[in-house]
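A.B. asks: The structure under discussion is supplied below as structure tokens; questions concerning it will follow.
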Amino acid sequence: MLVAGLLLWASLLTGAWPSFPTQDHLPATPRVRLSFKELKATGTAHFFNFLLNTTDYRILLKDEDHDRMYVGSKDYVLSLDLHDINREPLIIHWAASPQRIEECVLSGKDVNGECGNFVRLIQPWNRTHLYVCGTGAYNPMCTYVNRGRRAQATPWTQTQAVRGRGSRATDGALRPMPTAPRQDYIFYLEPERLESGKGKCPYDPKLDTASALINEELYAGVYIDFMGTDAAIFRTLGKQTAMRTDQYNSRWLNDPSFIHAELIPDSAERNDDKLYFFFRERSAEAPQSPAVYARIGRICLNDDGGHCCLVNKWSTFLKARLVCSVPGEDGIETHFDELQDVFVQQTQDVRNPVIYAVFTSSGSVFRGSAVCVYSMADIRMVFNGPFAHKEGPNYQWMPFSGKMPYPRPGTCPGGTFTPSMKSTKDYPDEVINFMRSHPLMYQAVYPLQRRPLVVRTGAPYRLTTIAVDQVDAADGRYEVLFLGTDRGTVQKVIVLPKDDQELEELMLEEVEVFKDPAPVKTMTISSKRQQLYVASAVGVTHLSLHRCQAYGAACADCCLARDPYCAWDGQACSRYTASSKRRSRRQDVRHGNPIRQCRGFNSNANKNAVESVQYGVAGSAAFLECQPRSPQATVKWLFQRDPGDRRREIRAEDRFLRTEQGLLLRALQLSDRGLYSCTATENNFKHVVTRVQLHVLGRDAVHAALFPPLSMSAPPPPGAGPPTPPYQELAQLLAQPEVGLIHQYCQGYWRHVPPSPREAPGAPRSPEPQDQKKPRNRRHHPPDT
């Protein structure tokens, strides 16, 4: 046991601790992984830590012109500073009335998760006001908020807001404080303008909505009834007629979940402008219905409905399937149909943005996620293609081959192709009737290259959100993907062309953005401020887009990371700026070649190798630790017995086991002593990570030092000090300077180990067994006893 304890102390002293992974290296392994504590230690992230009694945070609007971000949660509207979300946040407490909450509970809803005012819509009304809607405890309500820079509260109420109470609200609206005058620079809610939120905000907070406020008209994909069965795309407010999709028509919408809405112009003619909705729904055309399909739908902004048919209903609504699949060698595709999030990356041409979408697989047998990219050219080609039509003896879906009415269904009035028609009410009845029965396009929209950009299969998480940033590096422009997961982490990914057919995915980092893991709900990015803002049920976090110092202190580490944000400046890995005049900045994102980029700096790579000394006993085991900074590096172990010998590579044998953490040597032999070097190779760049000098001790020598014969040991003379511990005798026997470190560690170890009660100094001795006997109880005692 003492021999094993000596080996354990030596292993702890040199930092070696064996670990046995259960699986091989997985693809898409992050180069840097940071826990929430480690992320905070970098000073590049901040968590919104005001103690509000609320949950379900959603980032609903980013206003970079005013440096504000507007967040909705249960019973609160927050206005946060984009530079620092904890700096003077503006808070409005907007709760449902107690009577409404009581009615909600009586209807069978949960008092905490459903019977509250969950803010789900914040849209810019004009330069001074916001339009805000909440579920209102299953009674949707909307009003206007003055977007000021100061809170409508006295210092006392501001303190209460920080503690979680905020400004008092009555009957679902904020009561104005009499001490705070209503001025333009005050952030306050206008209760006198409270109105119904039906058709704007869902009743159920678990149902998502997608909305856009355009020209003071609100377009929203939403469920409009208490039971959550009537879904529609609505147009409310404004001067035009209120519009919606055809009610209870499964060909139009079939149990949809709305994800995103985006205005994308078709041409220079404003009458051609269309609003695109991204959603998923149960499909009627699937071979094995019901199945969930991802959809993209669109409507014309100047749609007024039909004259006799489709009155006050969209007469230009069309939809198509979004396909995100991995083609197999046998021609069978693996589909990801559950659309989760959409990010629209603007380009110099406002008519042709790039669409990024996150998908997950349906069902529980196959668990996976994917990111697909779509072009507007492909989307428009599908909407200009054939319509889906049911015909034939089997009543199956076919492309419509009959006579197409004029104007083509889905064309906007007064646009490029219909300049003489000023309204959809001027369309012939045959066009309106065709639209009612043929809203679906026959062809589907496929991603670029007809394959996903990023795929995750077999991972213990699913992707939930996406944000994309364009970064100018020394060798070109790159798109950096930030992917949120249902584990509360954010992954930073770039995808590079490997050859003509394949792409190479690099996960630069994965960080935990919340102290308590929770699925990422919403995420927005500010390229101007180089910040990412992430929201979940537990709070809001904003973090920098780059942490260059986390890649390492060497030029090779910085270059091998291939992060477009970072470059070697001659001293450290720091933020790359295209306008920098320093000639020593080294960056190579496309190839990551430190041999070419880091000339003059690579000599320091081997000097930074960790050197240590370990001891082992023949017949036992030893673990040599080696963890390269990059998980993509190839690790090799080299052995050199004596300084003049040639180094040879250690290959996997019965006695040698290579793990992700190092090298395990089993059944040590005296011939195993020597210098072990762990080298890491990545992109043809090789450097030494660690060197371990291993000393193998004979079992007989160790046993003789730890257990000397009794005849040789004489009783200590009077007045002598405490006897020398056996391990110290072993150190004196070996006469090696490194063994003094083991003695040092052992002394410190025994100093901190609490003594047992029997050996503790000053502890009362336990009584003898005869003293512990219970005395016999005599009934009659002498008086003087």
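Backbone N, Cα and C atoms are what each Cβ position is placed from, and that goes for glycine too.
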A.B. asks: Of the cysteines Cys300, Cys308, Cys548, which is paired with Cys412 in the disulfide recorded by Swiss-Prot?
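C.D. replies: Swiss-Prot says the disulfide from Cys412 goes to Cys300.
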A.B. asks: If you check Swiss-Prot, which of Cys548, Cys555, Cys598 bonds to Cys566 via a disulphide?
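C.D. replies: As annotated by Swiss-Prot, the paired cysteine is Cys548.
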A.B. asks: Quick one: which of Cys142, Cys201, Cys372 does Swiss-Prot link to Cys324 by a disulfide?
C.D. replies: Cys372
A.B. asks: With the disulphide bonds as Swiss-Prot has them, who is the partner of Cys133, out of Cys115, Cys142?
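C.D. replies: Disulfide pairing in Swiss-Prot: Cys133 with Cys142.
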A.B. asks: Pull the DSSP breakdown for the domain 'Ig-like C2-type' (605-690) and write it out as helix, strand, coil residue counts.
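C.D. replies: Per-class counts: 6 helix, 43 strand, 37 coil.
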A.B. asks: Have a look around Cys566 (disulfide bond) and count the other CB atoms within 10 A of its CB, chains all included.
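C.D. replies: Counting Cβ neighbours of Cys566 (disulfide bond) within 10 Å gives 25.
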A.B. asks: Where Asn53 (N-linked glycosylation site) and Cys678 (disulfide bond) are concerned, what is their Cα separation in Å, rounded?
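C.D. replies: Answer for this pair: 52 Å between alpha carbons.
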A.B. asks: Would you identify which of the disulfide-bonded residues Cys142, Cys324, Cys412 has the most other C-beta atoms lying within 10 angstroms of its C-beta?
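C.D. replies: Within the set of disulfide-bonded residues, the most crowded position is Cys324.
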A.B. asks: Quick one: among the disulfide-bonded residues Cys300, Cys372, Cys548, Cys678, which has the most Cβ atoms sitting within 10 Å of its own Cβ?
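C.D. replies: Neighbour-count leader: Cys372.
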A.B. asks: Can you tell me the CA-to-CA distance separating Cys548 (disulfide bond) and Cys115 (disulfide bond), as a whole number of Å?
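C.D. replies: Counting only the Cα atoms, the answer is 45 Å.
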A.B. asks: Rounded to a whole angstrom, what is the C-alpha distance between Cys133 (disulfide bond) and Cys372 (disulfide bond)?
C.D. replies: 32
A.B. asks: Tell me which residues of the chain lie with their Cβ under 8 angstroms from that of Cys115 (disulfide bond), as long as they are six or more apart in sequence?
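C.D. replies: Spatial neighbours, sequence-distant, of Cys115 (disulfide bond): Ala96, Ile101, Cys104, Val105, Lys109, Ala137, Tyr138.
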A.B. asks: Which three-state DSSP class does Cys566 (disulfide bond) fall into?
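C.D. replies: Strand, per DSSP.
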